[in-house]
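Colleague: This is the feature table in Swiss-Prot:
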| type | residues | note |
| --- | --- | --- |
| BINDING | G170, D171, R172, Q173, T174, G175, K176, T177 | ATP binding site |
| SITE | S363 | site 'Required for activity' |
Amino acid sequence: MVTIRADEISNIIRERIEQYNREVKIVNTGTVLQVGDGIARIHGLDEVMAGELVEFEEGTVGIALNLESNNVGVVLMGDGLLIQEGSSVKATGRIAQIPVSEAYLGRVVNALAKPIDGRGEISASEYRLIESPAPGIISRRSVYEPLQTGLIAIDSMIPIGRGQRELIIGDRQTGKTAVATDTILNQQGQNVICVYVAIGQKASSVAQVVTTFQERGAMEYTIVVAEMADSPATLQYLAPYTGAALAEYFMYRERHTSIIYDDPSKQAQAYRQMSLLLRRPPGREAYPGDVFYLHSRLLERAAKLSSRLGEGSMTALPIVETQSGDVSAYIPTNVISITDGQIFLSADLFNAGIRPAINVGISVSRVGSAAQIKAMKQVAGKLKLELAQFAELEAFAQFASDLDKATQNQLARGQRLRELLKQSQSAPLTVEEQIMTIYTGTNGYLDLLEIGQVRKFLVELRTYLKTNKPKFQEIISSTKTFTEEAEALLKEAIQEQTDRFILQEQA
């Protein structure tokens, strides 16, 4: 039989008492009163902050949005199917934040910056708040460098600068996403980081965009943030801010970034859903009163930083879908008033085979020629004027039977100019190729050709110029000016190519 020694027992008790650590941990907790439709009402959580993350006992995370006198309204970041009435909730003391690092390049992530492309975890040591304040006036400088989209119609007449916010607006199926993805493809070799945010899109559409980027080697400098149509409203609402936080990480590291939001009207719908379920009073079109602030605080984060902060930039291209061309609806007018110009895509032009279907008459860039290189300014001024005159003449010519020779010539020139603005999808042009194309059209070198021959001739001319007159490209890329020497080289190339082309066509 084991003998019990009193001194041994007292030693053990003494040791345990010495090891005891008096640590008081205060946890701010609450109880679920009601849950459903992605919303939970919590009693308690007395010291919770607006926008603070809260954690339910079964693991779901939510954001405290409504702080009322007797309860807290929380939006859930998951389905919350296991949350029950009476289960406990604890405040985390953290505002929503995401990890950020260079390792995100080439990846597809969700609104919480978690990878969804099946390629493993992303390593990151730094965190950024999803909602961070926009740079102030002193932190910015005016936009002066061009962000080339590779589309002649935009780069010549509606130029976009680094740090600008340009809205892409139009009906469904008019090529809005195509304009945005072409802009990303054209950033290859330009040292611009691109972020594509898909909000409430079909999974198949996002997969198609990602495949295009992968095939064209654009994923190397691109991050895709995607929340599909079946995602909870909270995550669709957060996705654009997550994209902005990722872009800001690079902007504050003296890099140039471009971010595409596709599309903020879906974010507004998700926010409307959350607000109505939280019983916030509805306003126009049942949107809550602060839906303007929802988009303004997002788009104001795009900026061209001052030289003191390293001159990084973030260019925002929000895409908004209109219903049968109605630009005066609530969300389109809000976003138009926040952005520095808009590119309007028309369903009529799209159906008439003019693609990209940009309506040059009502599209505008409020930065203007400050965002163009000198060479482009030299050739593009004439183009906009001639196209505007052509549009006016064309409307008038429908009613006139006999037109004088000068008017007929002007109409013929206008038709050829419209033809040179047409481009295939995923075929962006370099700025040198654009200058060559515009010069050829505005100086009447296409007037000899039939309209159907214009595109074929221009494709062959680009190839001919690249192989036989490489100095032209060198002059423009080094001096950024359309010099007399460059003009002479271009005239020679056009003349030689025209002779070759006419001989080919006759043969």
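The chain as shown is numbered from 1 upward.
Heads up, the Cβ atoms here are built off N, Cα and C, so glycines get one too.
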Colleague: In Å, rounded, how far does the Cα of D171 (ATP binding site) sit from the Cα of S363 (site 'Required for activity')?
Modeller: 15
Colleague: Take the mean position of the Cβ atoms of G170, D171, R172, Q173, T174, G175, K176, T177, the recorded ATP site. Which other residues of that chain put their Cβ within 8 Å of it?
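Modeller: Close Cβ neighbours, site residues excluded: E321, L345, A347, F350, A357.
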Colleague: Rank the binding-site residues Q173, T174, T177 by how many other Cβ atoms lie within 10 Å of each Cβ and give me the one with the fewest.
Modeller: Q173
Colleague: Find, for the listed binding-site residues R172, K176, the residue with the lowest Cβ contact count at a 10 Å cut-off, counting only other Cβ atoms.
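Modeller: Looking at the binding-site residues R172, K176, the Cβ with the fewest others within 10 Å is that of R172.
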Colleague: Report, as a single number, how many Cβ atoms besides its own are within 10 Å of the Cβ of S363 (site 'Required for activity').
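Modeller: Here the count is 21.
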Colleague: Identify, among the binding-site residues G170, G175, the residue whose Cβ has the fewest other Cβ atoms within 10 Å in this structure.
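Modeller: Counting other Cβ atoms within 10 Å of each of the binding-site residues G170, G175, the minimum falls on G175.
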Colleague: Work out the three-state DSSP category of T177 (ATP binding site).
Modeller: helix
Colleague: CB neighbours of D171 (ATP binding site) within 10 A?
Modeller: 18
Colleague: I need the CA-to-CA distance for T177 (ATP binding site) versus S363 (site 'Required for activity'), whole Å please.
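Modeller: Distance between the two Cα atoms comes out at 17 Å.
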Colleague: From the binding-site residues G170, R172, Q173, T174, pick the residue whose C-alpha lies nearest to the C-alpha of S363 (site 'Required for activity').
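Modeller: Closest candidate to S363 (site 'Required for activity'), judged by Cα separation, is G170.
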